[in-house]
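S.K.: Grabbed the feature section from Swiss-Prot, which reads as follows:
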BINDING   37-44, 64-68, 82-85, 149-152, 182-184  GTP binding site
BINDING   Ser44, Thr66  Mg(2+) binding site
DOMAIN    29-203  domain 'EngB-type G'
Amino acid sequence: MTEFESAPAYQEAKYLTSAAEFDQLPPDQGAEIAFIGRSNAGKSSALNIITGIKGLARTSKTPGRTQMINFFALNEHERLVDLPGYGYAKVPRMVQKRWEELVDSYLKKRRCLKGLVVVMDIRHPLKEVDEDVIEWAVNYDIPIHILLTKSDKLSQNAAKKTLGEVQTAISAYGEKLTLQLFSSHDRTGLDEVKAVLSQWFSSEP
């Protein structure tokens with residue numbers, strides 16, 4: 001089967017379920033790719049553009065609105081997963097701790113997880129919480145792809161400069177981490193991220 005033939009139809013994505021606790025997750029079968037990022041980094045917008053379905057993942061001007069793990073089925077066996085946003089100071093610490101425990105359990109125990117897309121606003125990349133999430137995923141041997149979102153907010157030269165700086169910062173992790181520029185506004189990097197997702201989905205268990 002060719003890569004094209006095996007690529008999921010992202011436009012077929014449909015909301016499946018949400019989970020506030022680990023035991024509420026759907027069966028650990030098939031293949032999942034999860035998206036995670038700081039609140040308002042553009043995670044929901046990225047999911048909407050990748051699938052071509054406006055409003056699939058709810059966007060909000062209020063950071064911290066996504067408080068559960070949301071699952072979107074591409075077909076019977078493949079899913080995209082929207083993990084809770086992090087790093088929003090106005091969310092009570094108790095709530096943040098619950099999110100952290102839920103996400104940690106998901107990353108550590110979810111056997112069908114094929115890869116993690118870490119979404120960062122290109123104007124504020126690699127905050128301490130971003131680095132913590134990357135360390136999490138690296139420790140659990142999860143492939144990581146970084147989206148530097150909102151690249152349209154910077155000039156082309158400035159965006160490339162930031163891309164290079166982040167590449168240098170993550171180089172110690174080796175081939176487990178890849179990154180790219182992305183913009184939900186002008187669709188920069190859309191084909192590139194879809195290619196990464198499709199490669200992960202087609203990888204052996």
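Placement of Cβ uses the backbone N, Cα and C atoms for every residue, glycine included.
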S.K.: Across the domain 'EngB-type G' (29-203), what is the average pLDDT of the model, as a whole number?
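M.R.: The answer is 91, the mean pLDDT of the model over that range.
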S.K.: I'd like the Cβ neighbour count for Ser44 (Mg(2+) binding site), meaning other Cβ atoms within 10 Å of its Cβ, all protein chains included.
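M.R.: There are 24 such Cβ atoms around Ser44 (Mg(2+) binding site).
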S.K.: Provide, as an integer number of angstrom, the distance between the C-alpha atoms of Met68 (GTP binding site) and Ser44 (Mg(2+) binding site).
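M.R.: For Met68 (GTP binding site) versus Ser44 (Mg(2+) binding site), the Cα atoms are 13 Å apart.
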S.K.: Counting other CB atoms within 10 A of each CB, which of the binding-site residues Met68, Pro84, Phe182 comes out lowest?
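M.R.: If we count Cβ atoms within 10 Å for the binding-site residues Met68, Pro84, Phe182, the smallest count is at Met68.
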S.K.: What's the number of neighbouring CB atoms sitting within 10 A of the CB on Lys43 (GTP binding site)?
M.R.: 27
S.K.: Give the residue from the binding-site residues Gly37, Asn40, Lys150 that has the most other Cβ atoms within 10 Å of its Cβ, counting over every protein chain displayed.
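M.R.: It comes out as Gly37.
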S.K.: What kind of secondary structure is Met68 (GTP binding site) part of, going by DSSP in three states?
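M.R.: Assignment for Met68 (GTP binding site) reads coil.
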S.K.: Once the DSSP letters are reduced so that anything not helix or strand counts as coil, what is Asn40 (GTP binding site)?
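M.R.: In three-state terms, Asn40 (GTP binding site) counts as coil.
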